[in-house]
Amino acid sequence: MTLFLIGLITLLNFFLRFFRLGQIPFFSNSFPVSILIESAIINVISSFLIFAIAKLLFKKNKISLLSFFVFSVLPWIVETGRNGVYLNILLFWILILVLLLLVLKKIVYFRLFLNIFRPILFMAGMLVILFLLKKPDFIFSFNLNSYALYQVLSNTFHLASFGFLFFSNDSFWHGGNKDTGVLFLSFLPFLFIGVVDVFKKDISIMVMLLIIGTLLSVLNPYFPEVFEFYIVIPVFVLSVTRGLYGLRTFNKKIISLFILLFIFEYTLFLHAYFIHYPQNTRSYFQNLEKPL
């Protein structure tokens, strides 16, 4: 049954990443589709990595499958996997790094070493990855004299806001539907239920992801149109799925209500992304390409 569900979710994964790829999002006729295909494949592989990470953390097939499913269908994951942005590749390497640390943790000789140096190693790994993948258009620098503290705090509160998380992801300049939040509203109670348990499992890795992802975002001069907070997604996915796992003890009517609400929200997302969104972006780029 587990293999069947993995296969089913994998098919869904490929459909969401490759359906009309190159047309949605529409960049320009000269944009190489090979970059989008590479990004989509990496995104699919990342979903298997989150499955393995959940398996190591929780040691339960159901939570691993839920993590696999939630990662596969989240709007921000789907959209980023389709648009070739470099943060998609960065998240892939971060997941490999997290998986490696969790595997090494099980080896007795490395356990003490990891407990002492794991945060330092994780930070070092993140810096190396950022250095290798840094793009010319991303400026991780700012002038402390002009970049006021209230702006940094304002950016931080924006990322933690109810609107950004559940209703309007305005980190996109192009490549995603801004009218869909980072998470679905139906996931809200499960996020609160699961986040405590996730941090108990491996607090150093989760804290590092939150700190690094948040800092890279709020200190970026292009905020809010930045992708860096995207690397925090694994924390959200694992928290939501841990909470969802507890749903099995709820009344069947509550479970049915959640499923109906999720289907409704996902239908709205699919309609907005695959129908309305391409019309808007295509007209935008066609206007840019018109001769003056």
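Note: Cβ is positioned from N, Cα and C throughout, glycine not excepted.
Summarising the annotation, TrEMBL assigns transmembrane segment to 40-58, 63-78, 84-104, 116-133, 181-199, 206-223, 229-247, 254-275.
Residues 2, 5-6, 9, 12-13, 16-17, 43, 46-48, 50-55, 169, 176-177, 180-183, 187, 230, 233-234, 237-238, 240-242, 244-245, 266, 269, 273 of the same chain lie 6 or more positions beyond the ends of the transmembrane segment (63-78) yet place their CB under 8 Å from a CB of it. By number of Cβ pairs under 8 Å, the transmembrane segment (181-199) is matched best by 229-247 from the list 84-104, 206-223, 229-247, 254-275.
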